[in-house]
Amino acid sequence: MATLNDIGVAAAINILTAFAFFLAFAMLRIQPVNDRVYFSKWYIKGLRSSPSVNGSAFASKFVNLDLRSYTRFLNWMPAALQMPEPELIDHAGLDSAVYLRIYLLGLKIFGPIALIAFTVMIPVNWSNNTLEHSGLTYSDIDKLSISNIPIGSHKFWTHLVLAYGFTFWTCYVLKREYEIVAAMRLHFLASDQRRPDQFTVLVRNVPPDPDESVTELVQHFFLVNHPHHYLSHQLVYNANKLSELVNEKKKIQNWLDFYQNKYKRNPLKRPSLKQTGFLGLWGNRVDAIDFYTSIVERLSRDICGEREKVSSNTKSIMPAAFVSFKTRWGAAVCAQTQQSRNPTTWLTEWAPEPRDVYWENLAIPFVFLTIRRLIAAIAFFFLTFLFMIPIAIVQSLANIESIEKALPFLKPIIEVIPKTIGVSIPMKATFFITYIMVDGWAGVAGEILRLKPLIIYHLKNSFLVKTEKDREEAMDPGTIGFNTGEPQIQLYFLLGLVYAVVTPILLPFIIVFFALAYVVYRHQVTT
């Protein structure tokens, strides 16, 4: 069993590890070569440029030679907390601001709970000697848990009352936080700049009409049904081949820009390359600028021809359209109401933001999408149904009375089990304390290094970056990692609420996690 000394040693090791991560980050972030990694959002928004260096020192382009900056290596902490929330929303978005509030929510919930638990429950638990006569292996930390309360003691009323109190407090704080977030969302929508997707609806499964084209049919339908709010529409075309040509042109244009920039740096020598052969290892050597210019011109002609082909070919027109309205209210009414007696036609939904549209899938007919959803639903049903069979068997045996009936010879052993579990579970808090220190302290501190983006950026910058556009794509800040961060947060909420009554000594470690994570992720969001 872990003792107070063991927990103290583990805490010291993890604190030193976290401080080492912070120190390494402080050193890495002030190096000019890493500036685009640790301030990527500022570069993308045009609010920051490459740090000025002394032109006479080549090393200053890669290493910060200003010794005074190394004495201010922890300045990033107050800087991360200084940005007001409205400015943070404008800089990183409402989702990021709400995500950060989850960490503040943890502090609001567990701060008062820890204060009450240490004031009331710790003395109540410590004032007993039950574990000394239990025959179990225990440590001094376990004497602070509910395991040290004798069976049938009236002191359990303290834990019962506080369990209800902590639950009500948690619900109250959650309610208040939901109200704040809802107000933030309404304010954001009211003050946000107007975007086309806020006035646009995606219409699918437009029924065919032998007397009208798709564009005429869409226009006529919405002029009749939404005469005061309809503004315009844009048909959806099956332009996947056109998209491939455009992407290919972008790649070739990037190579052309690279060789043009190379020629500008050295006008005395025009760049050249081998026209054919694997990786340019053989073939006739040609002028690189002329070669890629000719390819760009050819692709431009192909794109124009394919665009005309798509726009003139009725088979390329999909039974879908983006319909724009004059007001948000008109778009909301259309997106949330049935447009036809036939529930399978004129299906409407809010148009996603252009960056969220997977354009290749818009060409898939609605019938095929419906079939795919049906197959997925059937597969999910059978997976869930078959999974319930072993779960039902295990659950039937999980009941103590059921086990005694099925296996009567185990009755003496089964009747030790509830008592043993009731005493042992609170004593396992030391494991979770260690886990919180490793994952929640040192692990969160290590997150600030951004090792993955740092390594990927330098690899791309060394081998793939040819133009400034490539460099901007290489320093993509990515997302905040909600898919991995949120389950971690929920685990700590669960541990805190479960052990708040049975082993309150765990609460300070969770509070440190929420405070540290808030500072770290606020910095990640702002930069």
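Placement of Cβ uses the backbone N, Cα and C atoms for every residue, glycine included.
Whatever TrEMBL says is automated annotation, not expert-curated.
The annotation domain 'CSC1/OSCA1-like N-terminal transmembrane' is assigned in TrEMBL to 7-177.
Taken from TrEMBL, the feature domain 'CSC1/OSCA1-like cytosolic' covers 198-361.
For 417-525, the entry in TrEMBL reads domain 'CSC1/OSCA1-like 7TM region'.
Look at TrEMBL and you will find 6-28 (among others) tagged as transmembrane segment.
Positions annotated as transmembrane segment by TrEMBL: 102-124 (among others).
Taken from TrEMBL, the feature transmembrane segment covers 156-174 (among others). Residues 105, 108-109, 112-113, 116-117, 120-121, 124, 146, 149, 497, 500-502 of the same chain sit 6 or more residues outside the transmembrane segment (156-174) yet have a Cβ under 8 Å from a Cβ within it.
Taken from TrEMBL, the feature transmembrane segment covers 374-398 (among others).
TrEMBL lists 491-521 (among others) with the feature transmembrane segment.
Helix, strand and coil residue tallies for the domain 'CSC1/OSCA1-like 7TM region' (417-525), in that order: 93 helix, 0 strand, 16 coil [DSSP]. When Cβ-Cβ distances below 8 Å are used as the criterion, the transmembrane segment (6-28) is approached by residues 34, 38, 70, 73-74, 76, 141, 430, 433-434, 437-438, 441-442, 444-446, 448-449, 454, 516 of the same chain, each at least six residues removed from its ends.
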